[in-house]
Amino acid sequence: MSIKIENLNHIYMPKTPFEKIALNNINCEIEDGEFVALIGHTGSGKSTFIQHLNGLLSPTSGNIIVDGVNIADKKVKLSDIRKKVGLVFQYPEYQLFEETIEKDIEYGPRNLGISEEEISKRVKKSMEMVGLDYETYKDKSPFDLSGGQKRRVAIAGVIAMEPKVLILDEPTAGLDPKGREDILAQIRLLHKEYGMTIIMVSHSMEDVAKIADRVIVMNSGEIVLDGKIAEVFKEVETLEKIGLAVPQVTYLIRELRNKGFNISEEIFTISQAKEALLEIIRNNN
């Protein structure tokens, strides 16, 4: 299932003294099964953009074609689109409200009018998909969990709707290092094992380098760069001009290259750097 964006514009409070252009002529296509990271500094238009993808915001102009349907058309039933495109907001654990984890996750599917058997099946499957054992956690209060576990419950609640596309707005924000790694591992699993299309908003270049296939960089409501990790992260000067940076390890690799080390410039994670440096040591010995 693809999402195609054509000449998308969004203006907040148009024709008033407070008019603000949030999105300016956005064009891109997200293919079925892709893992796309969306990066940009605060105010670049990332959150506004993703809220158009399942109809939470309507465009001022332009087209958003989801699975062949232009959701900018006012005749389109947006509830059908939201079953296909799930959106997990930043700090989604603040939206947990039920007595037990099972009840919280089943809230969305229960509103679809499906059978009790199907609801139960979806809850169990979604908990498994985010790494929470059903029997262990189903009767626990979501408020007794760690921050990372709460976030997994919130993500499971969206997954239980069985979307084809999952959009995550800063999924690791506010988590400690372990919680951060756990969430990234589960997102990676959703993509690789379950074939889900993932669109992830992030400020962390390190997170993006670890798990995304493609990066879209936004600035002032426009797409500045769009390509594979290696293509985008080579544009160091362009990224720095708009207040961003490549992963710290990449700066280290650039310095080593400048000092004459024969090492690939396409190194963006610590594990990649470790392997490359070990290879240099082995060759020198």
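Using the three backbone atoms N, Cα and C, a Cβ is placed for every residue, glycine included.
Noted in Swiss-Prot for the protein shown:
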DOMAIN    3-245  domain 'ABC transporter'
BINDING   G40, H41, T42, G43, S44, G45, K46, S47  ATP binding site
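Where Swiss-Prot records a feature, it is marked here on the structure.
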residue: G40; record: ATP binding site; Cβ contacts under 8 Å, 6 or more apart: K46, V217, M218, N219, V224, I242, L244
residue: H41; record: ATP binding site; Cβ contacts under 8 Å, 6 or more apart: H203, N219, I242, G243, L244
residue: T42; record: ATP binding site; Cβ contacts under 8 Å, 6 or more apart: none
residue: G43; record: ATP binding site; Cβ contacts under 8 Å, 6 or more apart: none
residue: S44; record: ATP binding site; Cβ contacts under 8 Å, 6 or more apart: M218, N219, S220, G221, I242
residue: G45; record: ATP binding site; Cβ contacts under 8 Å, 6 or more apart: A22, L23, M218, S220, G221, E222
residue: S47; record: ATP binding site; Cβ contacts under 8 Å, 6 or more apart: Q90, D169, V201
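Under the three-state DSSP scheme, S44 (ATP binding site) falls in the coil class. Every protein chain shown contributes to the tally, and the Cβ of K46 (ATP binding site) ends up with 22 other Cβ atoms within 10 Å.
Restricting the average to the domain 'ABC transporter' (3-245) gives a pLDDT of 93. Excluding G40, H41, T42, G43, S44, G45, K46, S47, which define the ATP site, the same chain contributes M218, N219 within 8 Å (Cβ to the Cβ centroid), listed in sequence order.
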